[in-house]
Amino acid sequence: MSTALLAFIAVILCLLFRILNVNSHAEKPALFCKDMDFLETVSKISSVVQEPYIPTRLWGFSGHVQTVVHSILGRLKCPWPIGERCCLHLPDGSTLTYDLYQPLNQTFEDDVTLAICPGIGNTSESVYIRTFVHYAQCHGYRCVVLNHLGALSSVAVTAPRVFTYGHTEDFHSMVCSLVSRYPGTEVVAVGFSLGGNLVTKYFGESDKTIPANIIGGISICQGYCAIDGSSYLLNWQNFRRVYLYVITETMKSIILRHRNVLLAEPIKKAFGLNERDIVAAATLPELDEAYTRKVHNFKSVTEMYRWSSSKYYFHNIKLPMVFINARDDPIVHENMLESVREFASNHPKILYVETAHGGHLGFYEGGFIHANPVTWLDRSVVSLIGSLVYAHSESKLKFSSGVH
């Protein structure tokens, strides 16, 4: 065997070892929480967040592999929950849909509904959402899942808009529809990625009256600041530009799929849209400059990104919340996590759970090559929902007994 071939094999092995990060070891999540009473209450139900997260041995310590496997395969042995599709006709002419799933385990006394907001371009039909819904149903929870406007190819767009990074009106409409249907239910909001940003922003917006049924929320793998996020994603470091390309093409495909409504001639004239600029956009900021910020009347993309970013609404959040991120998330740079660390460390009833591994919405665990069918994320989120319900019942009990 030639020296050159040996050198080539050595380089490949080094790259594989680096990408797979096989020298890493399982670690306990880092917990940031000012409110020790809240942390103690959460820990009574959700001990999983205080135990080491053990990723799949061969590839689970790589944030890239976790993220790619999640993007391509979603979840292993994915069920297909049977639900009811509900349709809302909004004042602006939009047709909004959400899917309603009843609990499969009827042994629980509490009536709790999870209001789920998926990631960018995702819906109730996304594999990771289906798996989480089924797991939550088995634990006695009703679920409603927002279908982001324009994301379902089977549902026509009936007004000249699709979902955005910061508009929470669709989620609010779904929650209001839910509580009108089940007025006695308690609601926990759960947001994945972009959905985490929307749920957090919704909790912190001062111009909305949040239904009293909502008792808390959980945010998973959001980036907190679109300005910083777009800046990091424009860099090739850690292959972030590749992920940006995928996100850009996802958004572009949704716009072009509904071009007969979104890019009709009267709409293009009204907002000064150039279809060629939209098609040619190579990055998300370019697409948002050509389309999104114009149809939503922002002066600049930066202004729109700041308005959309949840971290600028932290100060107004009054409800209990749990945030989850992984440090090796290739889409959310670790520097972007400092804002939520600080927030959780200085505000009551806020818990931030930070794992060393897990990637973006991956969090596969167990096994050497084949991961367990249920991820650490699904297990942890369902247990944290139980913690929020328990914390709320404890709070009600103290209030009724006159203890403040």
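Using N, Cα and C of the backbone, Cβ positions are placed for all residues, glycine too.
What you are looking at is a predicted structure, and each value in this text was computed from that prediction instead of being measured.
Marked as signal peptide by TrEMBL: 1-26.
Look at TrEMBL and you will find 114-366 tagged as domain 'AB hydrolase-1'.
TrEMBL lists Ser193 (among others) with the feature active site, charge relay system. Around the Cβ of Ser193 (active site, charge relay system), the number of neighbouring Cβ atoms within 10 Å comes to 23.
Marked as active site, charge relay system by TrEMBL: Asp329 (among others). Annotation for Asp329 (active site, charge relay system): spatial neighbours Gly63, Thr67, Cys221, Gly358, Gly359, His360, criterion Cβ-Cβ under 8 Å with sequence separation of six or more.
Feature annotation from TrEMBL assigns active site, charge relay system to His360 (among others). Cβ contacts within 10 Å of His360 (active site, charge relay system), excluding its own Cβ and spanning all protein chains shown: 26.
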